[in-house]
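Structure below; questions to follow.
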Amino acid sequence: MAQPAVIAPPLKDELDIVIPTIRNLDFLEMWRPFFQHYHLIIVQDGDPSKTIKVPEGFDYELYNRNDINMILGPKASCISFKDSACRCFGYMVSKKKYIYTIDDDCFVAKDPTGKDINALEQHIRNLLTPSTPFFFNTLYDPYREGADFVRGYPFSLREGVPTAVSHGLWLNIPDYDAPTQLVKPLERNTRYVDAVMTVPKGTLFPMCGMNLGFNRELIGPAMYFGLMGDGQPIGRYDDMWAGWCMKVIADHLGLGVKSGLPYIWHSKASNPFVNLKKEYKGIYWQEELIPFFQSVSLPKDCTTVQKCYLELSKLVKAKLGKVDDYFLKLADAMVTWIEAWDELNPLEAKPAELSNGASK
Amino acid sequence: MSLENIRDDEVDIVIGALHSDLTTFMNEWKPMFCRFHLIIVKDPDLKEELRIPDGFNLNVYTKSDIDQVVGSSTSILFSGYSCRYFGYLVSQKRYIISMDDDCIPARDNKGFLVDAIAQHISNLSTPATPFFFNTLYDPFREGADFVRGYPFSLRSGVQCALSCGLWLNLADYDAPTQALKPEQRNSLYVDAVMTVPAAAMLPISGINVAFNREVLGPALIPALRLAGEGKLRWETMEDIWCGMCVKFVCDHLGLGVKTGLPYVWRNDRGNAIESLKKEWEGVKLMEEVVPFFQSVRLPASAATAEDCIVELAKVVKERLGAVDPVFTRAAGAMLDWVRLWKSVGSGASSLRA
């Protein structure tokens, strides 16, 4: 069979794939056709003396805990240990415009026709097409082939806004919390919902870090995955925390967040009893956190992601400190994160300073 | 809130007849319609006699019925697709499912006929979740649930008062869009129902909807008439305006609105370019409507759909009336509708079988 004309993989030199791992990277074999041409940033959690074998032929950089400590010095305290939240170190250290992050138990899924899904390509498409946060389109993504805006959709809003985040989903093991896992241990997500949509402005959602793409230039500093794991009272809320912070900032700056396609195949169901211990405090705390995030109002002069994030850290300290001392620590860590981000990314002084023209 | 149990005898299926021959339409829907009572309202401008096949439990209303019940008491014109609102008014049931007469059952991705009626009933009887977006869509659906990170206190949801379905084949695009892409047909079957988040605005099409009449009835109003309004959906905005008001009222009252399944198959009709001449005005008006709804607030004392519409009508007249007289007329129609509803509609809805 003749080789098709070689088309360069989209954003080949502008996108890094960030993978946190503690075990091995065997899963990359299955992703090879789709990931081969992209640069990987592996963040090795856990014991730094262990060697993580990366399959042949991938271009990568790998950081273990020793590397993180060396690069960040005392600021390394903001990077979680013994939790996949450490992946956000990869975001900080990347020099690319786009990030795709995936868990090491996520494999290539098939669409209803049986074809392998190139999740990365779909994320790229999501990130390169506008979002529509100010008015919901009932036929979902209007920029998709074969779709459009429906009758009644205001023409002035049809250009959309830049997309900051692309949130993908999971077939097989769904991303349930521990209580739900305990009640429904056998439930599998078999429903392929063939849509991408913009999460409306002012609406919060649970952002899962398993299959996530984002525009690092537009929103990177907001993607801090918090203090989880070793020595922390909570786990499995890293991506949730990042998602809520990110969404209020994206809403403030007039950026879009999409959710839906692509699907990956999530193969591993983590132990629900272990999960319950990690999530326990989070389940109570989120009842305070949600009203907090829903009521956050960032001042007009917060025109960059960093400024927004620092303002948010002040609000966290002031309003969530009374929920638990953990939030005082977290607020400090948020500041450390921004300091570390700016230190490692000094030329990004042209940060996400956007025209707020599109926002209301 | 718990699941509602919707009985067949609590549902009216309301059809606005803009075609005189409903034989094919009714026969296509027979398996889904036959258990229910139907209300067919004939477009008062339609001259020919309606042809309806046997085998249905239905009431038909024509121009003379409309004149008799409503008479000259109102400025509301029940012509074109707005005739269906008369059906909503005189219904004595708790739930209404309404469909345009150029729609037939669609097939899902597996090739099975979609029972749109059953799906709307399912949407209305399970809670909506407007305060937090569930990334796996409807958590009450078989095989789905709330995802990690979804606050537990929000998992009981709120009552779903409106269910908005979609369309395969001829999607509900506006005339400019369809004119630009004359061959474009919607073939994408998205297997999801979801709650439209609170405060998010959306264009609610009147082609395939269902609602809780008891709770929301007065809020579905035939209020906005375009000067050049025609008989095709491309040539109207009445449902879009109605939908903006309804969503706003639902948000204020803490009720839910769902969108997604069911799909219906919408037959090809009309010429988008011809319709463009009539529909241009509507497209312009939306630009004023959006900032209006983003900024308007109702007093907390507005605790029912009726209260909300009365309050909304005041603000519409004040703020939008100044921009375009079509809104002044709409505000008047909104108040007329509430008056009508009180005298004709609400008496009826207190009768439950």
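Numbers here mean position along the shown chain, with the first residue as 1.
Cβ coordinates are placed from backbone N, Cα and C, and glycine is handled just like the others.
Those TrEMBL annotations? Automatic predictions, nothing curated.
The annotation N-linked glycosylation site is assigned in TrEMBL to A:Arg151. Among the features that TrEMBL reports, site 'Required for activity' is placed at A:Arg151, A:Arg158.
Help me picture these features in the structure, burial and contacts included.
In the structure as shown, the Cβ atom of A:Arg151 (N-linked glycosylation site) sits within 10 Å of 26 other Cβ atoms.
DSSP assigns A:Arg151 (N-linked glycosylation site) to coil in the three-state reduction, outside any helix or strand.
Using a 10 Å radius centred on the Cβ of A:Arg158 (site 'Required for activity') and all shown protein chains, the other Cβ atoms total 16.
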Could you round the CA separation between A:Arg158 (site 'Required for activity') and A:Arg151 (N-linked glycosylation site) to a whole angstrom and send it over?
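If we compare the Cα positions of A:Arg158 (site 'Required for activity') and A:Arg151 (N-linked glycosylation site), the gap is 12 Å.
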Sort A:Arg158 (site 'Required for activity') into helix, strand or coil using the DSSP assignment.
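In the DSSP reduction, A:Arg158 (site 'Required for activity') maps to coil.
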